[in-house]
Amino acid sequence: MEYYSAIKNNDIMKFLSKWMGVEEIIPKAGKEPDVLQQTMDTENVVYLHNGLLLSYNDFMKFIGKWMELEYIILSEFCEERASYTKLKRGVWKRSAPEDFLDKRPNKKILIGNEELTRLWNLCPDNMEACKLETREYMPILEEFFEEAIEQADAENMVESEYKAINNSNYGWSTLRFLAWRSPHFFQPTNQQFKNMTEYLENMVIKLAKELPPHSEEIKTGEDEDEEDNDALLKENESPDVRQDKPITGERIESLTNKLDEQWKILAPYLEIKDSDIRQIECYSEDMKKRAKQLLVAWKDQEGVHETTDNLIGALNKSGLSDLAESLTNDTETNSYLLSLLFY
């Protein structure tokens, strides 16, 4: 500390002799006054660790006086007085899921299993994915009550004991579904029902009057087949779907020759780990071999889910847009040639 470097100063020694005597600083020492100078030179290390010279009480007194003396020296001889700051306690914060997510360029999480990794990364934001319409598993009102409406029709001649509304499990599911989908559930009524079956039968009759006829909403098998065929034709014509194909060995060879020394720029965007990158560097000094090894490692990591579209996206994100454009053109050319063969 600063006051130790100034201990040998004559002004401080004069101050010490005025403030307290030698006997008070070193009780029972029985030595000459130059002991004080020697003690200060060694920062009291020798004297404080000598148990023969001090008893416990004298030692505690010495420590107390020495601490007081240190404060006075600091306040009198230092240019700036010592300032003390309060210790700030760390604020406890609840861990959020985002704290554990991988901060990689495209935020892809590697679960450790190929299928789990694919399922987890179907959507970048899982909370937003839960709001998608495709995640809505509750059936449509018409589909849910289709069976009950058919059984309620007198022309079908279904006996009451065989109707679905008599099933207690179906009844409770129907009540929950009506509370979610139908406005009739919360409308007041003057009718009184003895049991749940009578209430559900009344609700089914109301819905049968409001919903469209069954023939209008159900399509024939021929119409469905025609729509499936049209969808297949559109799928074959779509360039986006054509790009969503596994990468062949020829494309890897072509991309390897173009990638060359830029393979290390692309590696982080293909979610290649640092340990794998170091292993690729040790594999060979040839840049083309390293680039090929990178693409092979990426194919092994993605498994059956590696596609040309994913590779093009990684190339664009890494700034290698010229290679991405070249790969896109090659893909479109191959798709065009295949279409000529089939037509």
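Quick reminder: no glycine exception, Cβ is built from N, Cα and C everywhere.
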In Swiss-Prot, one of 92-108, 296-312 is tagged motif 'Nuclear localization signal'. Which stretch would that be?
92-108
List the residues of the same chain that sit at least 6 positions away from K258 (SUMO2 cross-link) in sequence and have their Cβ under 8 Å from its Cβ, in sequence order, or write 'none'.
L323, S326
Give the number of CB atoms, excluding that of K273 (SUMO1 cross-link) itself, located within 10 Å of its CB.
14
